[in-house]
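> As listed in TrEMBL for this protein:
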type	residues	note
TRANSMEM	20-39	transmembrane segment
TRANSMEM	59-82	transmembrane segment
TRANSMEM	89-108	transmembrane segment
DOMAIN	93-209	domain 'Phosphatidic acid phosphatase type 2/haloperoxidase'
TRANSMEM	140-161	transmembrane segment
TRANSMEM	168-188	transmembrane segment
TRANSMEM	194-216	transmembrane segment
């Protein structure tokens, strides 16, 4: 017969073993799911970057994903906001730049360094068949900084402009998606990198946009 204290110790050991087994099983399941996702992600990448590429889009997509292509549009947008909303426009520009800075720093300096997933052009499994149209860039690609930045800005613009633009404001999401898709097409990001960047960007833009709309809503001067 076991004493009361011995029974407690045995029960504690059993529970500890069960918890350890559940923990190990959970980790194994996560690793297996991650491996399945990697396989699917590579297949989607080869579909977009390989099967669907054409000479026409090969010439267009590098310009689509280049920030300098859109620089005149950015300057025009900032000028219009400043002229129409005056001092509130200055606050809008400050929040616009803040949104970009947060998105860029979180995606590059935090998540990429933590996850450390190789870009397709650095992945030894994918690189030999990567249809690379531009320079490869940094070693890690998860999440896509382009996707994070542009979806953060798109969400911020959606929240701050929607009362003035109506349904047309949804164009900003199409713009962000096109730039993000181009990152896969030119061979520097997996679809999973872009999807993660899109979600992260929406969260960041939603955060900064909500603060701006609540405390400094745009009003025509």
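Cβ atoms here come from the backbone N, Cα and C positions, even for glycine.
Predicted automatically and left uncurated, TrEMBL annotations should be read as such.
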> Counting only residues 6+ away from its ends, which parts of the chain sit with a Cβ under 8 Å from the transmembrane segment (59-82)?
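Those are 89-90, 92-93, 96, 133-134, 146, 178-179, 182-183, 185-186, 218, in sequence order.
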> Can the transmembrane segment (89-108) be said to touch the transmembrane segment (194-216) if we require at least 3 CB pairs below 8 Å and skip pairs under 6 apart in sequence?
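In contact, yes.
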> Counting only residues 6+ away from its ends, which parts of the chain sit with a Cβ under 8 Å from the transmembrane segment (140-161)?
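For the transmembrane segment (140-161), the sequence-distant neighbours (Cβ-Cβ under 8 Å, at least 6 residues beyond its ends) are 65, 92, 95-96, 99-100, 102-104, 106-108, 111-113, 115-120, 122, 169-170, 172-173, 175-176, 179-180, 183, 188-190, 192-198, 200-202, 204-206, 208-210, 212-213, 217-218.
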> May I ask for the residues of the chain that lie six or more residues beyond the transmembrane segment (194-216) and have a Cβ under 8 Å from a Cβ within it?
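Residues packing against the transmembrane segment (194-216) from afar: 88, 91-92, 95, 98-99, 102-103, 106-107, 111, 142-160, 176-177, 180-181, 183-184.
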